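**Student:** Before I ask anything, let me first share the structure, which is written out below as structure tokens.
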Amino acid sequence: EDILKEFEQSFYTFGNYSTVILLSLYVPTFIIALLGNILIILTVLADETLRKTKNFYLINLASSDLCITLVCMPMTVGTIVYRLWIYGEFLCKFTAFLPGVAVASSIFTLTAMSIDRYVSIQRPSRPHWVTSPGQAVCIIISTWIVSGILMGPLLYIRQVDTLPLPNKAPMRFCIEKWPKDDDRQAFGIFLLFVVYVIPSVTLALCYGHVGKALCTNQMLRNTSDSSNERLSSRKKAAKILIVMVLVFMVCWLPYNIISLSIDITQGSGPIDALPFSLWLGHAHSAINPVMYWSLNRRFRERVQGLM
């Protein structure tokens, strides 16, 4: 009985040094992400001058970050403190599915924004390839649908596994049950390429051309005076988006690499580093609004006016 009690207590990790560090990181991250993303959405919706097509994408990014903040962060903290699963079958599936969908939607939205920036910088005298809020909404909805389809297998393979104990309530764990280990590895590699590598290459190509344009005066010589002001505004927006994309890639790269390493090595990878890499990915949801507030003077003025 003492052995069983000690075994049960081993799943309660509140006193662990790494747990204390993670909690001290997650608390301010949660507060900043919650307030910052709500403020972004309210500011854009409240100010008519900010209700432009490009800011529909910004609202979508903030909404994705709110999903991660309100669902993923609390559940992650809960599983860090107490490793047994006490939240039921639905949340076992949902808390794996939703963050995957939210992150995929974010990267696809950033990709759509990068293509829009590329076209607008290369052809400053022409309207954006997305010319109406309705078209932007269709693209945003498409990112969520595609992301949901990509993450759909998680709803099937995430299950609650029960470990019966003599004279005690059974222990429950939320795990992934794959038919074969090769399936887990194949799915992990597939997601890495579709959700991270391919969008990252697209972003790099688009912003490589944008960066080249920002460093030369050739475009200004090729445009009329009436287009120069519009081009200058688009360059400022492009600079902000380049920073946003770089931060996104840096925040989520460690988690993608570590997760893939664990899948390939069948659990013998750097498991201890996984919670910290996941926090870094979650921290992106807090960095995003702070970064946008810092880099965009007009948005900063609107936020101050709203407050």
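Every residue, even glycine, has its Cβ placed from backbone N, Cα and C.
Feature list, courtesy of TrEMBL:
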| type | residues | note |
| --- | --- | --- |
| DOMAIN | 36-292 | domain 'G-protein coupled receptors family 1 profile' |
| TRANSMEM | 20-45 | transmembrane segment |
| TRANSMEM | 57-82 | transmembrane segment |
| TRANSMEM | 94-115 | transmembrane segment |
| TRANSMEM | 136-157 | transmembrane segment |
| TRANSMEM | 186-210 | transmembrane segment |
| TRANSMEM | 240-258 | transmembrane segment |
| TRANSMEM | 278-295 | transmembrane segment |
**Student:** So which of 20-45, 94-115, 136-157, 186-210, 278-295 has the most C-beta pairs under 8 Å when paired with the transmembrane segment (240-258)?
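**Tutor:** Going through each listed stretch, the top one turns out to be 278-295.
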**Student:** Any residues 6+ beyond the ends of the transmembrane segment (136-157) with a Cβ under 8 Å from its own?
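**Tutor:** Contacts of the transmembrane segment (136-157) (Cβ under 8 Å, skipping residues fewer than 6 from its ends): 53-54, 56-57, 60, 93, 96-97, 100-102, 104-105, 108-109, 112, 130, 176-178, 187, 191, 194-195.
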**Student:** Quick one: average pLDDT across the domain 'G-protein coupled receptors family 1 profile' (36-292), no decimals.
**Tutor:** 81
**Student:** Would you kindly check 57-82, 94-115, 186-210 and say which stretch has the most C-beta pairs under 8 angstroms to the transmembrane segment (20-45)?
**Tutor:** 57-82
**Student:** Taking contact to mean three or more C-beta pairs under 8 angstroms, with sequence separation of 6 or more, is the transmembrane segment (57-82) in contact with the transmembrane segment (278-295)?
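**Tutor:** Touching, yes - the transmembrane segment (57-82) and the transmembrane segment (278-295) meet the threshold of 3 or more Cβ pairs under 8 Å.
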